[in-house]
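J.: Supplied in structure tokens, the structure appears directly below.
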Amino acid sequence: MNVFKLDRRYFPILVTVALFIVMFAAGSIEYNGFFSLQVFLNLLIDNAFLLITAVGMTFVIITGGIDLSVGSMIAFTTMLSATLVQNHHWSPWVVIPFVLLVGSFFGWSMGCLIQYFKLQPFIVTLAGMFLARGLCYLISIESITIDNEWYKTVSQTKVYLFGKNYISISVIIALVVVAAAIYIAHFTKFGRNVYALGGSEQSSLLMGLPVARTKVLVYTLSGFCSSLAGVVFTFYMLSGYGLHAVGMELDTIAAVVIGGTLLTGGTGYVVGTIFGVLIQGIIQTLIMFQGTLSSWWTKIAIGMLLFLFILLQKVFISRKKKSGAAA
Amino acid sequence: MKNKLFWPLVTLAVLLLANLIHNHDFFSITIQDGHLFGSLIDILNRAAPLVLISIGMTFVIATKGIDLSVGSVVSITGAMACLIISKGDGSSMSVLFTALGISLLLALAAGAWNGLLVSLLGIQPIVATLILMVAGRGVAQLITDGQILTISSKPYSFIGAGYLFGLPFSIYIIAFFFIIASVLTRKTAVGLFIESVGTNPTASRLAGIRSGLIIFIVYVLCSFLSGISGFILSSNVSSADGNNAGLWYELDAILAVVIGGNSLNGGRFYLSGTIVGALIIQTLTTSIYSMGVPPEVTLVVKSVVVLVVCLIQSEAFGSVFAARRRKRDKAAKQGVSA
């Protein structure tokens, strides 16, 4: 019985992983050159920033909240980094901690508004989204290109694994973030509190858990993750621009949902989110390999996948409720 | 009602006054070629698409829902209408009505999809409509083949750029739908049904209201109105852009509803408040343009406005200050006694 129960908790993740393997296999059978380690590594290279953002979002969604400001936060971080490096000639070693601090502070402020003024996360982070995009344009309307040597070096460094296959420094950052997130979620008090808060805020309060602190910290974490994603995105694009990462918040939410995190809160795994991101990446890669399909099919495919997974969640929840009532 | 409309109206008045101080001709309306011209007319005209969507959004929010897909529906209907017109004879009325009819059917289908997900499957509205928000833009780009479709059709461009009796035609459209919506919700029981479903769907169902049906209808209605805004927007510029048409409209519409004094928690709704909210947003945008502030600042201003309005509405905000005042009074008293 116990084994069976454990299995069912992992069910949404298993579906995601299986789907990823099926898609990868289908691509490998259909297209020449698809089945290679480098294609897989490219998924990580091209989606490192999405992965970092999605990790932060996973925590927010597990508490039952949502953060719509992540895409704008990425754009703002690229813009801030670019202007500080290019126009004010700050050292990258000062710029990066500074932008991370700004992102965390941004998240912290939104968390405070949500917690202490009982505003809906949806509307507060919506305002945050407007604000961050607007601030980008206050810095500059044009795109700012970065020609700082250090940024260029980091951006072009290839870390070779197993012969000719390589990853970028961004991927290493993303993997470190994922490892840290798994540790935080499953082996720290904060992680337990996050799950408890998502399960039931009322019960967590009655149990004496630090609900207020946890909630504010979750949004701070998401702000930190999105600004770190912004730093990685700066490496990727080598420029700052107010129109970078438009619509990223939806990609991020989709990745988290496809990764098996329930939008009602309380259930979800960082590992699932990795596969959610990879599935989005593989859809893009498949469409690229296919050649004739246009880029907008990505949006339609992600929409359909989102629908299927939400449906799956629904079935999952209603079964759980039924079995809970029976027991 | 008086209470709820007070702040939105004050905000609008302050905005208009600020404009008047900056530009003394702001309220003047002149007649050119038999058409009325002036900043006020311009604001009304430009606010038309937003007003329509916001009316639909008000109903959705009154049922405790939200519809994120309105912007995508705007781009889908605009794209479809332009596609059909570009294939046929631009000046023929039958082509025009076929285009409008088919596009509206698409909008209704989009609304039915949202409505079914929310009412039948019980998916959270934010998530259910998120699907169409993401996929809808893809569909719109599919229709226009990723291009910006430009058409030349006199009858179609009349919808968004034409004049009737000296006033822009779009103003008549919003007036028409506003009157229908007000009559429907205030003179029949429909408004009451929507409010009761928003307050407590289970209780409403037990009281004999078909909650599921009401929720379904509300989403269909919202998509329908977004579809019509799609016509206004695309006919105004005689082109359809799957990527950018109606971008950010979902946010502006939600903003208009919230500024208008409606609670995101559902229940009572104020259509007139929503209209004022939409006008506030448009006035804000217009004044930012006319005062020579870089238009990009609009986003910052909007975000500050949302936060301030939400804070004023939130009970916690009021109680925090009340508590602090009480504390201060208490401290002052103790200081006196000590």
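For all residues, glycine too, the Cβ spot is worked out from N, Cα and C.
Feature list, courtesy of TrEMBL:
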type	residues	note
TRANSMEM	A:12-29	transmembrane segment
TRANSMEM	A:49-82	transmembrane segment
TRANSMEM	A:94-116	transmembrane segment
TRANSMEM	A:122-145	transmembrane segment
TRANSMEM	A:166-185	transmembrane segment
TRANSMEM	A:216-238	transmembrane segment
TRANSMEM	A:250-283	transmembrane segment
TRANSMEM	A:295-312	transmembrane segment
J.: Could you tell me what the rest of the chain brings near the transmembrane segment (A:94-116), counting residues at least six beyond its ends with Cβ under 8 Å?
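T.: Contacts with the transmembrane segment (A:94-116): 65, 67, 69, 73, 77, 80-81, 84-85, 124-125, 128, 132, 212, 215-224, 226-228, 230-231.
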J.: Taking the transmembrane segment (A:122-145) as the first stretch and the transmembrane segment (A:166-185) as the second, find out whether 3 or more Cβ pairs fall under 8 Å, excluding pairs closer than 6 in sequence.
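T.: These two stretches do not touch.
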J.: Apart from its near flanks, which chain residues at least 6 from the ends of the transmembrane segment (A:12-29) lie with a Cβ under 8 angstroms of it?
T.: 35, 39-40, 258-260, 262, 269, 271-272, 275-276, 278-279, 282-283, 285-286, 289, 309, 312-313, 316
J.: Answer yes if the transmembrane segment (A:216-238) and the transmembrane segment (A:295-312) have at least three CB pairs under 8 Å among residue pairs 6 or more apart in sequence, and no otherwise.
T.: no
J.: Counting only residues 6 or more past its boundaries, what in the same chain has a CB within less than 8 Å of a CB in the transmembrane segment (A:250-283)?
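T.: Same-chain contacts beyond the ends: 9, 12-13, 15-17, 19-20, 23-24, 27, 43-44, 46-47, 50-51, 53-55, 57-58, 61-66, 70-71, 178, 181-182, 185, 195, 197-200, 298, 301-302, 305-306, 309-310, 313, 316-317.
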J.: Who are the long-range neighbours of the transmembrane segment (A:49-82) in its own chain, taking Cβ under 8 Å and residues 6 or more past its ends?
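T.: Hits for the transmembrane segment (A:49-82): 95-96, 98-99, 102-103, 106-107, 110, 114, 121-122, 125-126, 128-133, 135-136, 139-140, 144-146, 170, 173-174, 177-178, 181, 185, 194-195, 197-198, 201, 214-215, 218-219, 221-234, 236-237, 239-249, 251-253, 255-257, 259, 261, 263-270, 273-274, 276-277, 280-281.
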